[in-house]
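What follows is a single structure, written as structure tokens, with notes after it.
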Amino acid sequence: MPLLLLVALSSWAVSSPAGSSPDDNYHLASIWCGAGERPGLCESASGGAGERVPWATIASHECYHFQPEVAATCQVKALGADPNRLVTTQHVNSVAHYYSPLYYAVLSPFASADVGASVIAIRIVNSLLFVVIVSVLFWVLPARRRPLLVVSLAVTVVPWGVFLIASVNPSGWAVLAGGTVWLAVLGFLESAGWRRVVLGVLAVVTAVMGAGARSDMAVYAVIGMVAAVFLAMRGGGGRRFWVSVILPVVLSLVCFVLFLTAQQVGVWQNGVAPGSGGTARHGWSLLLHNLLNVPTLVFGSLGSWPLGWNDVTIPPVVWVGTLFVFAAAVFTGLATMSWRKALVVGATVIALVSLPLYLLQRSLTEVGGLVHPRYLLPLLIMFVGFVLFPIGTRWVRVTPLQAWLVVAVLSAANAVSLYSNIRRYTLGGAPGVSLSGPGSWWWGSGVPQPSIVFAGGIIAFTAALALLTHHLLTTQRAQQAQLVDEAEERGAQARVAQAGAS
């Protein structure tokens with residue numbers, strides 16, 4: 001399964017050119033300067049005017065972004081004969097400090113004079129990190145907790161999640177952390193022995209990765225860890241439990257420190273320049289407008305919000321399917337409820353709505369500006385996990401028909417999204433159904449042709465999802481059989497006790 005998942009993500013990694021994920025001009029330059037000054041990669045501009053980085057890191061997107069009809073072949077002309085020539089920019093993290101430096105420092109060893117090859121390498125490294133961490137977490141989690149990991153990620157990552165995971169955008173790490181950090185903490189609090197040690201390490205790694213990638217993920221990580229402690233608590237919690245809580249408390253402090261290392265904290269405190277969204281609304285009028293439209297942000301990552309620089313439109317069949325699956329998962333999870341679970345789920349819903357509304361209101365901006373759905377995706381993943389959390393012996397159960405229908409819908413949604421993303425860049429707005437043609441864009445030698453990437457990607461995604469579904473259904477049947485046996489044993493003991501009393 002891990003290999004299939006890596007192949008599926010790798011197909012997304014090569015499905016679009018350098019510069020195609022949001023704000024790549026900033027992120028690429030910041031990665032090239034993530035390890036400080038290096039000749040030919042990142043050099044200090046004279047007079048402290050910024051950093052000198054390869055032209056291709058900051059300009060690869062300029063000829064096609066916001067222009068969905070323009071194929072990525074325009075890069076050849078736009079970048080010129082020497083795309084690696086050094087140019088000065090201040091739009092880089094070592095100057096602007098918008099983000100924590102951790103993400104860029106970790107990935108900077110993969111930067112090289114060949115920007116295209118480095119972009120592919122970074123995307124595949126990020127994909128590999130996701131596969132390794134999720135696979136290890138799946139392996140060490142108790143069997144009853146594994147569905148929370150698989151389902152919460154599966155029903156939320158198509159298409160924006162897989163696009164970001166296999167990109168150079170730090171939001172990919174946030175997506176990973178959103179699906180794992182709270183479960184690692186939950187497993188740590190509930191387990192013992194070597195599993196507890198591994199889960200504790202995973203909690204540290206995922207919390208630091210998430211908070212070190214985006215400041216908003218630092219906030220979400222704390223929310224997730226608090227929820228995990230709350231859900232794991234039994235009665236008043238014993239001494240061992242409260243000693244274990246030291247780990248999420250320390251990690252919350254680490255997240256707070258990483259939150260403060262990014263200038264994004266200023267947006268949370270003050271918003272951005274008032275009216276930067278170009279709206280004439282203000283006060284209650286703006287609040288009502290944004291409140292009625294905030295579902296666009298909460299659910300946009302399921303496919304209704306365009307990929308890339310908001311210029312890769314995904315057919316509605318994708319978001320209809322993914323939203324259907326998302327709703328089915330939520331309603332299934334609501335079948336089991338307790339006051340603790342209700343409080344966690346309710347608080348997460350409030351956070352999903354209030355956080356974007358707060359930022360938009362402080363900045364006098366309408367939905368569509370400043371806040372994008374990808375910022376909320378990690379919290380949306382957590383929400384699904386919280387809703388599906390089982391209460392006691394009341395397990396969240398699905399029939400095989402329901403499970404395989406979900407596999408079919410998500411596989412189709414992934415296929416349509418991957419096809420749309422590849423074709424937007426290979427041929428732009430050209431008519432037809434082929435993924436390539438005369439004069440179409442593609443990577444140089446070493447990368448399989450678009451049709452092979454597409455076929456391999458959708459087959460690997462479907463196979464990985466099918467294998468995981470089969471495993472979860474098998475585990476569910478075993479758990480149901482165990483519950484039946486335990487019920488029969490209790491009934492037999494009760495009958496014996498009753499006979500003895502009479």
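Glycine too: its Cβ is placed from the backbone N, Cα and C atoms.
Annotations in TrEMBL come from automatic prediction, not curation.
If you look up TrEMBL, you'll see 1-20 marked as signal peptide.
Long-range contacts of the transmembrane segment (120-141) within its own chain (CB-CB distance under 8 A, at least 6 residues past either end) are made by residues 1-2, 5-6, 9-10, 12-14, 31, 107, 110-111, 149-150, 153, 165-168, 172-173, 176, 179-180, 183-184, 187, 191, 195, 198-199, 202, 205-206, 209, 443, 447. Residues or ranges marked as transmembrane segment in TrEMBL: 120-141 (among others).
Here TrEMBL flags 148-166 (among others) as transmembrane segment. Packing against the transmembrane segment (148-166) from elsewhere in the chain are residues 8-10, 12-13, 21, 123-124, 126-127, 130, 134, 137-138, 141, 172, 174-176, 179-180, 183, 300-303, 305, 307, 314, 318, 322, 325-326, 329, 373-374, 377, 380-382, 384-385, 388-389, 406, 410, 413-414, 417-418, 421, 465, 468, 472: each is 6 or more residues past its ends and has a CB under 8 Å from a CB in it.
Annotated transmembrane segment per TrEMBL: 172-189 (among others), in sequence order. If you look at the transmembrane segment (172-189), the same-chain residues 6 or more away from its ends with a CB under 8 A from one of its CBs are 103, 126, 129-130, 133-134, 137, 140-142, 145, 148-149, 152-153, 156-157, 161, 164-166, 195-196, 199-200, 202-203, 206-207, 209-214, 216-217, 220-221, 224-225, 227-229, 231-232, 241, 244-245, 247-248, 251, 377-382, 385.
Beyond the ends of the transmembrane segment (196-212), by six or more residues, the same chain brings 100, 102-103, 129, 133, 136-137, 140-141, 173-174, 176-178, 180-181, 184-185, 187-188, 218, 220-221, 225, 247-248, 251, 254-255, 258-259, 378 to within a C-beta distance below 8 angstroms of the stretch. Among the features that TrEMBL reports, transmembrane segment is placed at 196-212 (among others).
What TrEMBL records for 218-234 (among others) is transmembrane segment.
Marked as transmembrane segment by TrEMBL: 241-262 (among others).
The transmembrane segment annotation in TrEMBL covers 317-335 (among others). Outside the transmembrane segment (317-335) by six or more residues, the chain places 151, 155-156, 158-159, 299, 302-304, 384, 387-389, 394, 396, 398, 402, 406, 409-410, 412-413, 416-417 with a CB less than 8 A from a CB of the stretch.
Per TrEMBL, transmembrane segment is recorded for 342-360 (among others).
Per TrEMBL, transmembrane segment is recorded for 375-396 (among others).
Marked as transmembrane segment by TrEMBL: 403-422 (among others).
Residues 1, 4-5, 7-8, 10-12, 14-15, 146-147, 150-151, 154, 400, 403-404, 406-407, 410-411, 414-415, 418-419, 422, 435 of the same chain lie 6 or more positions beyond the ends of the transmembrane segment (452-473) yet place their CB under 8 Å from a CB of it. As annotated by TrEMBL, transmembrane segment applies to 452-473 (among others).
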Range from 241-262, 342-360, 375-396, 403-422 with most C-beta pairs under 8 A to the transmembrane segment (218-234): 241-262
